[in-house]
């Protein structure tokens, strides 16, 4: 079928030979495209919107072929949420809580910890009424319930949001996983310490706590001192190492204390060189080894991840590292590996590989997804070991049998090796009855949900099958045969009906009506012609209206469109004829026509014809997305924007404009043709006189301009020096021939000069507003000294002779003068100055206070930072917002004022400009250190253009201390209303 525009043109091609009064039924049916051939499904790819008989591609394809029951619903099989037999339960990722899920799975598989948690007293759970939902309160209660669900729930995965909320974690922000492990175990230990049973009070210590001591030996006297300490995990540096043994060895290696880091020996009673090392004494049953992958980068001031390959064994012998206690079990087996995928320390994904203590099988826990490894072997896989976006990929080293290698493992969990004849019951942990009752309640809710989802799926399928039969029956009846009754149905409604949309309501044809209550010709493209039988069935089932049958074709609209199209076709010929007629010499009576309208009459005529087309649209419908009210409003707006033909020579009084240069006389023949297109255009014959009111106003305006020019010339001659700014008095050098000067606002003088320069364009000045310079009490706001030092920019000084002229020509609300009195005293001649009115000291002080306050309150300003280099005795200055580091040989750099929205400077920007980490920055202004965390810049005297001095501490190599500072403090330099927080070196 031809495109829509071609169908539109073909439907109205007959207007070229048929006049409006000659229209017959066949022309009306052509306009409504009643007899266009219907499209066939095999040949038409998509629906032809210009053809009301095309019923292809409106959504019928989904119903006429083979039907899949799954197409009748969007409900997943509830059994896909069911836990498979002999599998573990996953945990839902709440946004950025994958790091929490990995630790929960590792702790769940610690059978001793799980067994101990089950034994904790929980009166709330034991007394809970199963008719309501159980809501744990304490951390211990949450963990109890969560572990019970992980053990016996029927769900494939469960939601840990209760525990996460109780911990106060932000689900949208990823926290430091290693720090979370420490804090959670500490919190759990504190919670369990409140239990009555001693075994429960010490379960965290028994499972995870070991002992070591810091041993220091004096090189002078040989005295040895030991500082015992407990640990719950060993933090191992991996930088520069290839395997776990090297990391542990470095952790225990001897450290020399000399120079400024010497040790104070109690025996020697002085600082002496010494050695220090860590000695391991006791190891816990569960040994947590933290691989320090996330370290502080001094260059960037942020944490970074070390993607170093580290090899670690499945069986770890810690005997060589222990001091004494040879009877202690020292052989450990790998039980869990925690993985961080990603190259950044602030993003990525956490997963856990955990060994089942009962079967020895390895599982990969990835939030909701759990995968069992084949062959009871740990398989880290390439997705855990390779950071895809790292530019330089280091080749993975070969691992010996019994060893694994990873660049993403950040925590290793080892458990002490059990004897082969160990009690099998130790691997069997039963859920207590009071917790199992809660798990059964949750399982019951899950089963009810599964049944509800299954019923909904069945209802949707049954409804779909019924709709399938309905569509098959009705679609065959839709096409209207030639010569048989028919009706028009909206295309959008048919599509929604075939889509089985819930929004399918009754059939609404009201939007398709013209102003005559019939089908508008423009709406044929958005409707379909269907058989009367099919229409009757649709209206019986869905109701609606008004119904549009063969009698709804509008003759009036077709006739009006015919007239408009014929005029459009005639427009070009008339344009040529009128152009030639205007060039001829006028003979006989003529008519006044606007020159601008005459130049653009063809465009105006085209717009008028299109406007006539809009008038055929009804008052109740909606055409082109706008209702009739909106259309009329839009048309009115267009008329306001561009006047109709000849209206621009109509004056405001409705008469002929007095501007003869904007109009032209045309012949009556030209005017007759123009009136065909603009029947409502204003008509002015050649003898029509211009508007008398406009002529009178024009003469008055000319008279007023003459008066203004005379007034300006008179005032200029009387105040010539003031106008040209010549021979002006100054306060710094008081004139000798007068003891009084007068003051007026500078604004008055500026406005007066504007009037003198352009008297016809500017309004004359009538009064002097001196009250602007006075306070509410009527006192003067400026002193003689303040006027000399800058306040004179607001005022103008006048000679007494000039003041006499000003007083005569203008209305003065309050004279202001300054007097000079020359006196001779014992100490010599003095010259006091006074003002009239007198100075108001109270308002003057308030004014000065407000000035200082405004100076200290700002939101965007320039503040400079200077770095003091003591050894080279030079100062380097840089803009706080510099992004690149500056070298020490750079010249001073000035900061350009920041634009709104660029953000405030902060200490990280200072760090980038000077390569000084935040905790090494000591800031001061005018010798005063900026150390008050609660102070604002204004209270510290930091005003725009201030210079803050930066002195850098010596760099330190204690990466742990740097990491603590980075984690514990954050620093931003804000401008006014924002707290200034300063880093202090620990």
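Count begins at 1; order follows the chain as displayed.
Glycine is no exception: its Cβ is also placed from the backbone N, Cα and C atoms.
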Under TrEMBL, the annotation region 'Disordered' belongs to which of these stretches: 831-854, 855-878, 879-902?
879-902
Using TrEMBL as the reference, determine which range in 553-581, 582-610, 611-639 is annotated region 'Disordered'.
611-639
Looking at the domain 'USP' (89-417) alone, can you tell me the average pLDDT?
86
So how many of the residues in the domain 'DUSP' (459-554) end up helix, strand or coil by DSSP?
51 helix, 21 strand, 24 coil
